[in-house]
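Colleague: For reference, the structure I am asking about is given below.
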Amino acid sequence: QIAAASGHSVVLVDQSDEILKKSTKGIEESLKRVTKKKFADQPEAGAEFIKKTLKNLTTSTDAASVVHSTDLVIEAIVENLEVKNELFKTLDKFAPEHTIFASNTSSLQITKMANATTRQDRFGGLHFFNPVPVMKLVEVIKTPMTSQKTFESLVDFSKAVGKSPVSCKDTPGFIVNRLLVPYMMEAVRLFERGDASKEDIDVAMKLGAGYPMGPFELLDYVGLDTSKYIIDGWHSLEPDNPLFAPSPLLNKLVEEKKLGKKTGEGFYKYK
């Protein structure tokens, strides 16, 4: 959406036409919300903006067949290294030499993905934040092999789509999640020890630290399965790091399929 809205030609690729139809509809709805604010007094200009943006967007179910005409590939599929590497290996064969590959992963090593291709110097991370149309930040990740030219191109692209890029080395969780996930885990441990209620911890962080959401509200919003997946991955990388220690309570909730907002219950219940 943000790439198409800023004048880039975008091909959105997914596994089925059904998913793509749903995605396109979602983008259209999101654009309508944007234009309500952006073009409040000019409904005609708003309608034109939506039309123009959607014109920049095409869809496909075959990534290999469309990659030959792209300058940048942003991967945002399932957080599974093997699946990502398979995709990158395939695309690497069909993409032009100049094409830059980037992953939107929040927790996996970019270097491991780059090593699945022959373009380690043209590979980096572009980590956007949810919801992307609203959140201004993009973390641009440089691996030891990423060329300066590639890095600068990724920074330039981030600015061109209206975001504020920050740069980080290929370290677990980059900047935001590296600080945020241990903070959320510490909140769970505080609650597990019985030091404070989850409600009071949430109120304390909202009113005392000015956070828009408390840690338990945030965990439910992110998805407890996603948070567990991240912490388990980091724990396997650094088993002696106490910040990455798994939580029995989090594991129990995930086992009971209480994954947060998306399932109607996590640390809190949702209607």
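Backbone N, Cα and C define each Cβ position, glycine as well.
Quick paste of what TrEMBL says about this protein:
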type    : residues             : note
BINDING : SER30, LYS37, SER106 : CoA binding site
DOMAIN  : 2-171                : domain '3-hydroxyacyl-CoA dehydrogenase NAD binding'
DOMAIN  : 173-270              : domain '3-hydroxyacyl-CoA dehydrogenase C-terminal'
SITE    : HIS127               : site 'Important for catalytic activity'
Colleague: Within 10 Å of each Cβ, count the other Cβ atoms and name the one among the recorded positions LYS37, HIS127 with the highest count.
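Modeller: Neighbour-count leader: HIS127.
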Colleague: Which residues of the same chain, at least 6 positions away in sequence, have a Cβ lying under 8 Å from the Cβ of SER30 (CoA binding site)?
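Modeller: GLN1, PRO133 - these are the non-local Cβ neighbours of SER30 (CoA binding site), listed in sequence order.
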Colleague: Using Cβ atoms only, which residues of the same chain lie under 8 Å from SER106 (CoA binding site) while being at least 6 residues apart in sequence?
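Modeller: Long-range Cβ contacts: GLU79, HIS127, GLY173, PHE174, ASN177, ILE230.
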Colleague: Pairwise over SER30, LYS37, SER106, annotated as binding CoA, what's the top Cα to Cα distance to the nearest Å?
Modeller: 30
